[in-house]
Amino acid sequence: MPQSRDLHLTCDFYTTLILSPRYFNALFKNIISFGMYLENYEMKTMVSVFESNPKTDPSEQKEKRKRDCNNDPSDVEGFKGPWATYTDRVHFARPTEEEKKELAVIFAKKNKPMRFIEPEDMECKSTLHIDDPLDYQGRSFLHIPQDLDVNLRAVEPPEKCFIPKKCLHTFTGHTKGIQKINYFPVSGHLFLTCSMDCKVKLWEFYKGRRCIRTYTGHSMGVRDVSFNRNGSEFLSASYDRYIKLWDTETGACKAKFTNRKIPYCVVFNPDEDKQNLFVCGTADKKILCYDIRSGEVVQEYDRHLGAVNSITFVDNNRRIVSTSDDKSVRVWEWDIPVDFKYIADPSMHSMPAVSLSRNGKYLAFQSMDNQIKIMEPMANFRWKNKKTFRGHMVAGYACGLDFSPDMSFMISGDANGNLVVWDWRTTRIFERIKAHEKACMDAKWHPHESSKILTCGWDNHQKAVIKFKNIISTDNKGYIFKWNH
């Protein structure tokens, strides 16, 4: 290249090159934009109009891969058409017969199913703790008492409910944490408790407040209990993967059910003509409906994506509402295994505990983001956003909750052992009672009492609190005592 002496150029050398307008404009824009020549892919491929381009020159193009073609349509067996393989394709050798046998042995060991350990089934027995199960008239302890100042057969709730202020009684008997409380149907003069000590106990709510009977038959902690419609039988669901049907009066175990998965909740169908059916939510994402007469599964609801935590009957027992670890709420028509309503939102959390109001108009959900959310099942299952109760700590705990009979208060346990009482109308906290030293796992308002609540927790005790206007005394451990008069 000749040296440039008479041209005003910034470089020492230049050369003449005939380019197409497209390439010249691309090079010019690079120099204007960056002040220098950029050797990008487009510049490297730049050629003059008189030079051969390998992209357009047939002599410079690479040969295409050839196919092992047989385009003769008359050759039925050998015709390949456009599906022929390439001639330069490398075919890998297949394993020999000996290698196949060795591989089969290796894969058989890997795919060998794990041996399932059958859940341990303990001997079922019960212990009666009272001298005589019959009264002087020959009536069982299941008989609803009529010599109290409260009508336990009343259909209407108390006219006015009050916030509890005083611990009335502490029930002792369990040796480990208590998980659930369940009142006797209609009257509530008895109640069941299930505990991590593998036992279920039946207690008196009135009079002597004695432990009437202990039901033993599980090898692991009991998660849930549920009475049938008249209270003559109840179900217990345990971590040993068994659901057992008990006779409340005699303590006999009538039947046992298992699908080899842990049942987290169990409930009888409340309809009078369906007392032979119950549903349970299990750890394998299913809701199973059992017939206690045959012991077989008669229906299966399997649309959840996580363990099922709660099942609630709504709309005159024609529908069930279920919650799961998949952070969703599903609504099902009874005996139809496809959910007709699916409620999920990115802001929703798991809701392990649900309570239905006495009038059936509201569902309360205990959310793991320390909130209680309210749903209206009679209004197309819409959330009632103005009714959100906050101020308690329940993250990581399936703490139970309940409505007051007159719908004026909402109550719940929390992880700090408190019984929290909210005003239903304003959603503000009215009272925070220190009920237990450890987590308060359940709280149930008595259906016929204006100010009596049962609470249970992981400190092995269940307590009854009552409205009391006198002085309250506590010890250094947080227990509440009643003054003796």
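Glycine too: its Cβ is placed from the backbone N, Cα and C atoms.
Annotation comment: TrEMBL describes 52-80 as region 'Disordered'. The annotation compositional bias 'Basic and acidic residues' is assigned in TrEMBL to 57-70. The repeat 'WD' annotation in TrEMBL covers 171-204, 215-256, 301-333, 401-432.
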(request) Would you mind listing the long-range same-chain contacts of the repeat 'WD' (301-333), meaning Cβ under 8 Å and 6+ residues beyond its ends? (result) 262, 264-265, 267, 269-271, 279-289, 339-344, 348-356, 360, 363, 365, 375, 377-378, 381, 398
(request) Mind looking up the mean pLDDT for the repeat 'WD' (215-256) in the predicted model? (result) 95
(message) Using DSSP, what is the helix/strand/coil residue split across the repeat 'WD' (301-333)?
(response) 0 helix, 20 strand, 13 coil
